[in-house]
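Feature list (source: Swiss-Prot):
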- 4-24: transmembrane segment (TRANSMEM)
- 34-54: transmembrane segment (TRANSMEM)
- 217-244: domain 'PLD phosphodiesterase 1' (DOMAIN)
- HIS222: active site (ACT_SITE)
- LYS224: active site (ACT_SITE)
- ASP229: active site (ACT_SITE)
- 395-422: domain 'PLD phosphodiesterase 2' (DOMAIN)
- HIS400: active site (ACT_SITE)
- LYS402: active site (ACT_SITE)
- ASP407: active site (ACT_SITE)
Amino acid sequence: MGLLAYLLVILLILNVFFAAVTVFLERRDTSATWAWLLVLTFVPIFGFIIYLIFGRKLSGKKIFDWKGQEKIGIQESTANQIEMIRQKEFPFSDPNVKKHRDLIYLLLVNDGAILTQDNEVELFVDGHEKFDALIADIENAKDHIHLIYYIFHSDELGNRLMRVLERKAAEGLNVKIIYDAMGSRTTKKSFFRTFQKNGGLVRPFFPSKLPLINFRLNYRNHRKLAIIDGDVGYIGGFNIGDEYLGASKKFGYWRDTHLRVHGKAVYAMQTRFIMDWNSASSTHKIDYKARYFPTFHGKGHTSMQIVSSGPDSEWQQIKNGYIKMINAAKKTIYLQSPYFIPDASLLEAIKIAALSGVDVRVMIPNKPDHAFVYRATTNYAGELMETGAKIFIYDNGFIHAKTLVVDGEIASVGTANMDFRSFRLNFEVNAFIYEKQMVQKLEDAFLEDILKSYQLTPELYAKRSLWIKFKEAVSRLLSPIL
């Protein structure tokens, strides 16, 4: 055996040893561990390199700084709400909200998600309407504008928005942008040059410190938030790009869900932005000043909690909220997600609901955004059909909405998909809503989408080719790490 062969054997042995040690020492879900072991076994050496880039868990180093929040009373308010709910003394403004005390308590304890009850909420399901409203609010801003988007393209929509931001920065407003370094990888830094010259500040989230290599590549900031003057906020699924206006030939009409909020829930969005900004920026840190949390009384009646989650979290807060909602369902569960790859706990909760006679309807796209992810999605959908759940394929473009509506009484809207990535790897943010009128609008939007969909029946699903079945099997096997 030659020297090269000896070296190859040694490399293979080292690959297996270090791979096994690394994977098993990191605390992770069993299914993800097995998926990575398959990659490391069948793609030696290169598999370990892939693991180092995509598979490593975040270090124990604190990512977000919670200091300073005592200035605006967040910890005190959270503790007070927890105690009042525990003692059954919380002043719920709506009897319907009181019915969901357990879910509210869960999100308070897990995430410190304060319940606010004075919110005016406007629903957007079309990109043109959402961005027209956002740009109008930015035009009317008087003090500050804070934006965080996973994708910020330098196309027609991106330029339209940027021109307004440049002008507001030149007027002396405090304007800050966070974009995800991976999601916005095609956007050149020069796109922000005039904005920065005018006084605006921009930061990428988790950029690579080494050319072509990013050991935090797998951990992305998937949040989409806009906060204007501390009293108007936007949260939902729309990124910034022409495809979100239906301009993509591949996807066609883009169906998404976004909310405009005026009320105290905006405080939670502002807090989330400040934490993300201070994590992404080594300079120009934001303090919890009164200017970012103006005193006002919202005129709405929508009760809601803003819930964040990420790989730094002890608990998977958004997923836990989903499961709690599903377990509470008595009549209906309407779910939309472009990627439906639930873990065992979430899948089991949905199955039990369907088997218990709850009308479970899941809506997924009719075309792949990511090929492997789509085949895993159709495989899980096929399994869910066996329990009596109904699967609908959106056939009017691309469905990107991430919504869950239960019994026409509670709902969740935000950035988190129903998949492993959103629950374990991405930094996400969702609004949990407890007001029948607003929830009814979300339910109506879902039922309207059904009219633009076709049902995936067991007979139709059985007609899949052997090649499609093979792709589904492989994608399902690797789904914990997709």
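The count begins at 1 with the first shown residue.
Quick reminder: no glycine exception, Cβ is built from N, Cα and C everywhere.
Here the features listed in Swiss-Prot are painted onto the structure.
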residue: HIS222; record: active site; DSSP class: coil
residue: ASP229; record: active site; DSSP class: coil
residue: HIS400; record: active site; DSSP class: coil
residue: ASP407; record: active site; DSSP class: coil
Distance from HIS222 (active site) back to LYS402 (active site), taken between C-alpha atoms, in Å: 12
Of the active-site residues listed as HIS222, HIS400, ASP407, the one whose CA lies nearest the CA of ASP229 (active site): HIS222
HIS400 (active site) to ASP407 (active site) - Cα separation in whole Å: 22
Separation of alpha carbons, ASP407 (active site) and HIS222 (active site) (Å): 28
HIS400 (active site): tally of other CB atoms within 10 A of its CB: 25
Mean of pLDDT values spanning the domain 'PLD phosphodiesterase 2' (395-422): 96
LYS224 (active site) and ASP407 (active site), distance between Cα atoms, whole Å: 27
Cβ neighbours of LYS224 (active site) where a neighbour is any other Cβ within 10 Å: 23
